[in-house]
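Some features that TrEMBL has for this protein:
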ACT_SITE  198  active site, proton acceptor
ACT_SITE  325  active site, proton acceptor
BINDING   29, 106, 151, 196, 226, 227, 228, 274, 325, 326, 327, 354, 408  substrate binding site
COMPBIAS  405-421  compositional bias 'Basic and acidic residues'
DOMAIN    176-270  domain 'Mandelate racemase/muconate lactonizing enzyme C-terminal'
REGION    405-429  region 'Disordered'
Ligand SMILES: O=C([O-])C(=O)C[C@H](O)[C@@H](O)C(=O)[O-]
Ligand SMILES: [Mg+2]
């Protein structure tokens, strides 16, 4: 049968998803976080799914893009990236991403963060139409399961009093014992074998103590600490020296490639980043200066699954490791991450994923971790199915919001508990 893969319709559904009170150096997660679900429907009725950030600036770009797709072929992914999308650069250029902690914003990164969801949706639709998994469209899987690490957060036991939120079963983690207990529960439930602690929340000595406690509780398991650039070069070197014997890598200890290069020159501990190398343009300086040893790719802002493969190839050429970064995301993105990770031969570190923190999803079936791994689906496309009732419910929450939660703002969330809180100046320690 000849199929008509002309795009007939694109549906964009902004949603608000429950998020626990996870702490980071900028503040705390809001009780609900915005995501955007993209559906691309072909003339013969095949629907491809994609997911990306749902803040206003992404929606403002996604809407005109969606309007331009009907009539194009879902096979024309290269053409998709050629569409001229006008980004109002003055609104974002050079600013740090307030909620996202993913480096300096640029107009191109914003554009790619939107395009990536459409690329994933096109690949999902292609796969469904051809009866092939997305990994086959990307050249085929080199592994049957993708390993993820437990993403540990300092956290409160609940969102501040008076703030509407979903119940949280995880309790507080504000000291080494709390962090170890959280790690134990994540390992019991999902089988994770490596652990990443989101740092930059407490003074470095407290976070060193937490990592030491993890090393004692889980001997031999890979450990990472990520303060999102909150430390000076000197502090970074001190932490590296104190934890060098237990760290798999130190992630973004300090801000900017020159400072990361100074840290890298003073320690044997590998440095990973999702902050100083977040675009192709940032690679040359970082790699030639030896500033990073592992790049944490993220298909959302690198511009999709094929760009993730390109990034991995460049990393391989320079002998730099590659793994994956994660922000709050749902199962469509986890499926996309797993499909592309399955095709990257040089992916040797367990990937990050926030998914265990998300109690809500828009899939009919949640994606399962077994032994810390997600099995690579061989079903057509991404191998996931949309739960339309859940999508509608989470969209209603977005529609009924007064606007205060439609743009992620961790500092604003922190101010509901600590009214004087300001985004800390960096380096914080
Ligand atoms: O540096 C990282 O790994 C992240 O930025 C991941 C997330 O953004 C995390 O820090 C968060 O959401 O608080
Ligand atoms: Mg990071």
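Just so it is clear, glycine is given a Cβ too, placed from its N, Cα and C backbone atoms.
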Rounded Cα-Cα span from residue 198 (active site, proton acceptor) to residue 327 (substrate binding site), Å: 12
Chain-internal residues near residue 325 (active site, proton acceptor), provided their CB is under 8 angstroms and they sit 6+ positions away: 102, 274, 296, 297, 298, 352
DSSP state at residue 226 (substrate binding site), helix/strand/coil: strand
For the region 'Disordered' (405-429), the number of residues DSSP places in helix, strand and coil: 6 helix, 0 strand, 19 coil
Position of peak Cβ density within 10 Å, selected from the binding-site residues 228, 327: 228
Those binding-site residues, out of 29, 226, 228, 408, that come within 10 angstroms of residue 198 (active site, proton acceptor) at the Cα: 226, 228
Largest CA-to-CA spread of substrate binders 29, 106, 151, 196, 226, 227, 228, 274, 325, 326, 327, 354, 408, angstrom: 27
Same-chain residues at least 6 apart in sequence whose Cβ lies under 8 Å from residue 226 (substrate binding site): 196, 197, 198, 199, 200, 250, 251, 252, 272
